[in-house]
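Student: Mind having a look at this structure? Questions to follow.
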Ligand SMILES: Nc1ccn([C@@H]2O[C@H](COP(=O)(O)OP(=O)(O)OP(=O)(O)O)[C@@H](O)[C@H]2O)c(=O)n1
Ligand SMILES: C[C@](O)(CO)[C@H](O)COP(=O)(O)O
């Protein structure tokens with residue numbers, strides 16, 4: 001008898017999901033405190049165009065995405081709607097704008113509540129990740145179409161990581177307690193992709209404040225899987241990230257000849 005391991009079972013797409021329609025929810029209601037004072041982060045200019053418009057175009061660049069739900073700052077839905085009307089966006093994609101909430105989690109939930117029936121795959125993508133390449137978006141969708149209920153794009157960590165504990169007052173010195181094996185750690189990006197029913201259930205069930213949607217599904221139980229992320233899908237969080245985003249965009253425009 002052979003000792004060879006059994007071959008993996010063939011990938012079995014969930015019935016209906018292989019051809020399901022895909023919508024993207026873009027939480028864009030944050031202030032961007034870490035970026036510094038100014039208009040809400042999603043409305044800040046990148047290469048002369050609001051970061052949110054870049055993020056919307058990045059989602060709509062995927063031929064699989066037929067609806068984008070933008071979750072605007074709570075008092076800024078009308079302004080965001082005007083912004084969308086003022087920028088060229090693909091005609092084959094529909095757009096909805098809804099007001100967001102006080103946390104990312106609440107904003108995503110409000111976006112999900114606005115989703116019409118008929119979209120069984122949902123992407124959740126930070127407005128603060130304006131430069132994600134379409135290949136990454138498509139890889140996430142493909143993994144959900146192939147049967148995964150929750151998919152996160154990830155990158156390996158570039159730095160050695162330390163686990164610490166406070167050695168006194170907050171902000172004071174810390175004691176290193178461990179050096180986790182970084183080969184088992186990943187930095188998480190968006191868009192994260194979901195079977196819609198699973199994501200809705202996660203938002204109905206999990207009340208802890210979490211930073212991403214996949215961790216809500218993890219708490220619920222179903223397996224979350226990864227696909228390779230992309231360096232250019234980084235999140236604009238601090239001022240230096242904006243400098244990097246401008247440089248990446250300038251290089252793209254040079255390569256594309258405009
Ligand atoms: N109440 C909130 C908070 C955040 N977000 C969105 O969630 C994404 C990721 O959040 P992050 O980059 O952490 O944005 P902010 O919360 O705006 O940043 P900060 O923590 O620096 O204020 C952003 O697109 C942001 O607009 C949201 O829709 N609603
Ligand atoms: C989903 C997410 O982008 C994961 O990196 C999340 O928005 C991160 O938020 P954070 O507060 O910057 O960790």
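Cβ atoms are placed via backbone N, Cα and C, with glycine included.
Pasting the relevant annotations from TrEMBL:
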SITE      34  site 'Transition state stabilizer'
SITE      41  site 'Transition state stabilizer'
SITE      182  site 'Positions MEP for the nucleophilic attack'
SITE      235  site 'Positions MEP for the nucleophilic attack'
Student: Which of 34, 41, 182, 235 (the recorded sites) has the most other Cβ atoms within 10 Å?
Tutor: 41
Student: Taking ligand 1 as the reference, state which of the recorded sites 34, 41, 182 have a Cβ closer than 6 Å to one of its atoms.
Tutor: 34, 41
Student: Between the Cα atoms of residue 34 (site 'Transition state stabilizer') and residue 41 (site 'Transition state stabilizer'), find the distance and write it as a whole number of Å.
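Tutor: Here the two Cα atoms are 9 Å apart.
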Student: Taking DSSP as the reference, which of helix, strand or coil describes residue 34 (site 'Transition state stabilizer')?
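Tutor: DSSP call for residue 34 (site 'Transition state stabilizer'): helix.
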Student: Take the C-alpha atoms of residue 182 (site 'Positions MEP for the nucleophilic attack') and residue 235 (site 'Positions MEP for the nucleophilic attack') and report the distance between them in angstrom, rounded.
Tutor: 21
Student: In whole Å, note down how far the CA of residue 235 (site 'Positions MEP for the nucleophilic attack') lies from the CA of residue 41 (site 'Transition state stabilizer').
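Tutor: Computed Cα spacing between residue 41 (site 'Transition state stabilizer') and residue 235 (site 'Positions MEP for the nucleophilic attack') is 11 Å.
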Student: Through the lens of DSSP with three states only, how would you label residue 182 (site 'Positions MEP for the nucleophilic attack')?
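Tutor: Residue 182 (site 'Positions MEP for the nucleophilic attack') sits in a helix per DSSP.
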